[in-house]
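K.L.:
The structure's right below; bear with me while I get my questions together.
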Amino acid sequence: MRLPLSLQPVLACPCPQAYKLGRLQGRNSRGPPASAPRGDLMFLLDSSASVSHYEFSRVREFVGQLVAPLPLDTGALRASLVHVGSRPYTEFSFGQHSSGKAAQDAVLASAQRMGDTHTGLALAYAKEQLFAEAAGARPGVPKVLVWVTDGGSSDPVGPPMQELKDLGVTVFIVSTGRGNFLELSAAASAPAEKHLHFVDVDDLHIILQELTGSILDAMRPQQLHATEITSSGFRLAWPPLLTADAGYYVLELVPSAQPGAARRQQLPGNATDWTWAGLDPDTDYDAALVPESNVHLLRPQHLRVRTRPGEAGPRVGGPESGAAPVPTQPAALPAPEEAGPERIVISHARPRSLRVSWAPALGAAAALGYHVQFGPLEGGAAQRVEVPAGRNCTTLQGLAPGTAYLVTVTAAFRSGRESALSAKACTPDGPRPRPRPVPRAPTLGAASREP
């Protein structure tokens, strides 16, 4: 039995819509013909007790539909399925199935594992046992992870996910329930609008075609990808698109927050990699590979890469300068009262308004306040409402009737940290306009009788 929207807003939504960050972009038909996909594709399926049997069956069916049309081949494109539970469990490993139909049958025959939601443990397992070259992974081929989750995990996800992305793994995330919007955005590969989907478990079919195309695009050899990511640089690699006598490449690197600080490098047509060094730690960079061909038109390829957080900088006035070293302070731990929203409740839904409440509520001593951002799931402008600390509810006005919205509540702490939680909500259809009364034709009175 599905819970009503007012009690569990993130698990049920009467509007059959999927949330996809940003606007869907049409595919560019120009450029060379698409080559056959190859690489290693792993599906990470939340099989824990936090997922109901009904939801697991729908997600299992969705993963089966994703893998069925893939041209699996033990020497080119391989697929694997790993369950998230108290311990990770491999349903089938890379190369075990040589056709999409065989892999689909194995997915549909899989059983729910139950237990705790130890996603971080499953990610570490995937790195060590499936994606690492020391464990037999194929070097030089694209690697893709598709994580289907209800949005929660009992252990940290960020560090092991970052280690996978540092190996060059492209991460797609499909969230079917509640979850920390900011954490899921950080966990998915950049840009998030291409790699992160929020969708109700009953509406997974809406994203099936687009996600299948995105997976295949990520596994085609012409894809630009990053590996060996450190706090000060990373290596870009791509398959041969040109030859030494048929053109050259132009590489461009731009800090996302500083569009004017671009770096460029020209490379010969037989180059297939380049290492950028001297970069800032914990910074997003937009990389572009522009093939300049003398034979045919090749479209540029784009990639966003985030460098890893750096170590503490050198002490001011070290021993070699003769000055006394400056003592370093231990990193401040988050205050125990810095607990972000853990539950969102949608109530008083009207055609053009609804009420958002959350818990726990923080006082002015810990939080500066809350930001409540909301926008239509199918795309459109987002709006933002500021709520002062100490309050834990607000009414959103000016909504459209019969529309699905994504509502994100972000707590802004005095320490500078932020914590967010997202939920889906729908406005009911508005009342039908009453038909205007049709004016009645005047009736002629009875003829007066002559006396």
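Placed from the backbone N, Cα and C atoms, the Cβ positions cover glycine too.
Pulled from TrEMBL, these are the listed features:
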- 40-215: domain 'VWFA' (DOMAIN)
- 220-310: domain 'Fibronectin type-III' (DOMAIN)
- 340-433: domain 'Fibronectin type-III' (DOMAIN)
- 308-338: region 'Disordered' (REGION)
- 418-451: region 'Disordered' (REGION)
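How about a rundown of where these features are and what they're close to?
P.N.:
Residue counts for the domain 'Fibronectin type-III' (220-310) under DSSP, helix first, then strand, then coil, are 0 helix, 42 strand, 49 coil.
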K.L.:
When the domain 'Fibronectin type-III' (340-433) is classified with DSSP, how many of its residues are helical, how many are strand and how many are coil?
P.N.:
0 helix, 55 strand, 39 coil
K.L.:
Calculate the per-residue pLDDT averaged over the domain 'Fibronectin type-III' (220-310) and state the result as an integer.
P.N.:
86
